[in-house]
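Asks: Copied straight from Swiss-Prot:
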- ALA17, PHE18, SER19, GLY20, GLY21, LEU22, ASP23, THR24, SER25, ALA43, GLY129, THR131, ASP136, ASP194: ATP binding site (BINDING)
- TYR99, ASN135, ARG139, SER192, THR201, GLU203, GLU280: L-citrulline binding site (BINDING)
- THR131, ASN135, ASP136: L-aspartate binding site (BINDING)
Amino acid sequence: MTTILKHLPVGQRIGIAFSGGLDTSAALLWMRKKGAVPYAYTANLGQPDEDDYDAIPRRAKEYGAEGARLIDCRKQLVAEGIAAIQCGAFHNTTGGLTYFNTTPLGRAVTGTMLVAAMKEDGVNIWGDGSTYKGNDIERFYRYGLLTNAELQIYKPWLDSDFIDELGGRHEMSEFMIACGFDYKMSVEKAYSTDSNMLGATHEAKDLEFLNSSVKIVNPIMGVKFWDENVKIPAEEVTVLFEQGHPVALNGKTFADDVEMMLEANRIGGRHGLGMSDQIENRIIEAKSRGIYEAPGMALLHIAYERLLTGIHNEDTIEQYHAHGRQLGRLLYQGRWFDSQALMLRDSLQRWVASQITGEVTLELRRGNDYSILNTVSDNLTYKAERLTMEKGDSMFTAEDRIGQLTMRNLDITDTREKLFGYAQSGLLSASSATGLPQVENLENKGK
């Protein structure tokens, strides 16, 4: 059976991921006019720029949807976001600033939950607004087929008939008006925005040019921290974790994780925390550029990693970072539920996150400027008395350290021999521009 349909399947049920915007509205109406039977499915992901979810299914019905459902995905989205924090599943960083994979997390939840809802309604053809150049077309493809093995894909934006008739936003708007809907195009921004409760992505248009900076963006989850006219007073915040799970902010507990994440967003957003500018590699290996917001994820991530470094040993932390980057890349590629990702998630959550219990106090200032003021945990392996410079009882003596250093003579001698070998083969040469001249007899050994 063909998985991807190039032309509209007339007379058949088609589920469309419906946002209520111009693109999906025009696509739904066009499919109905051409003889298909569209069903609209809208994901409530707690988008910060959406204020009336209930109105979206009603609009879909007006445009010809046979059925329209609003699927609440917030609980599942936050659960996956917390799992990503526990695993450090983030692979794109620039200058120490992290992209928290908020769009890939949203696609993992949307792609599975909407297709599951379609399957309940006997709808086995799915369409969405992703384009052939982006990541989402592959993410949705993978998650959709994982959820429903019988699924077929129809995307109006891959259908030449749709493109010929409604290839641009102006044509879509004119089509809506001609069909009796007074649908006016929204004012074009200098970039496009996609968001969910975990974060916002700003990209394309003017942001495709690297000389367009974050300063052209109007944050939807935070503030313009770069604008000196925006007053941002410093704020102390406490974050409490229990077995890797964030449970309290400023001493306040929450009825559920959704409310906790909303409060984390409010706190971090007041400062513009978690905003970053990234150049990344798309799944197809072409580079793209995005400006991201994720105030709540950033706040929780900072506190989590502070506890991590105080609780676990160096080798465990190294594995956390290495496996986390690997897992982050799988998440980005739409493989969050693949076996290799589940294996990494299980080990990181079981052996790392389970020990992360404690409270971190931070002072947030402007943007990503913050200080850690205190770290408290019964699980800390950081013990100030072990390395104190003051007199007193110690777990080891100066004589112990002399013995330990003497044992290092073995590998130091081996290293000197290797340096000499490198010099003899021409790989290394003594130079005033390096520290190598200080290695005695590097060039003169044996002369």
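Each Cβ is built from the backbone N, Cα and C atoms, and glycine gets one as well.
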Asks: Please identify which of GLY21, GLY129 has the densest Cβ environment, defined as other Cβ atoms within 10 Å, among these binding-site residues.
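Replies: Answer by Cβ density within 10 Å: GLY129.
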Asks: So if I measure Cβ to Cβ from ASP23 (ATP binding site) and keep only same-chain residues at least 6 apart in sequence, which ones fall under 8 Å?
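Replies: Counting only residues 6 or more apart in sequence, the Cβ neighbours of ASP23 (ATP binding site) under 8 Å are GLY129, ARG169, MET172.
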Asks: In angstrom units, rounded to an integer, how far apart are the Cα atoms of GLU280 (L-citrulline binding site) and ASP136 (ATP binding site)?
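Replies: Cα-Cα, rounded: 15 Å.
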Asks: Taking the recorded L-aspartate site as THR131, ASN135, ASP136, identify the other residues of that chain whose CB atom sits within 8 Å of the mean position of the site's CB atoms, giving them in sequence order.
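Replies: Here the non-site neighbours turn out to be SER130, TYR132, LYS133, GLY134, ILE137, GLU138, ARG139, PHE140.
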Asks: Can you grab the distance from TYR99 (L-citrulline binding site) over to ASP136 (ATP binding site)? Cα atoms, rounded to a whole Å.
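Replies: Per the Cα atoms, TYR99 (L-citrulline binding site) and ASP136 (ATP binding site) stand 17 Å apart.
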Asks: What is the separation, in Å, between the Cα atoms of SER25 (ATP binding site) and SER192 (L-citrulline binding site)?
Replies: 17
Asks: How many Å separate the Cα atoms of ALA17 (ATP binding site) and THR131 (L-aspartate binding site)?
Replies: 14
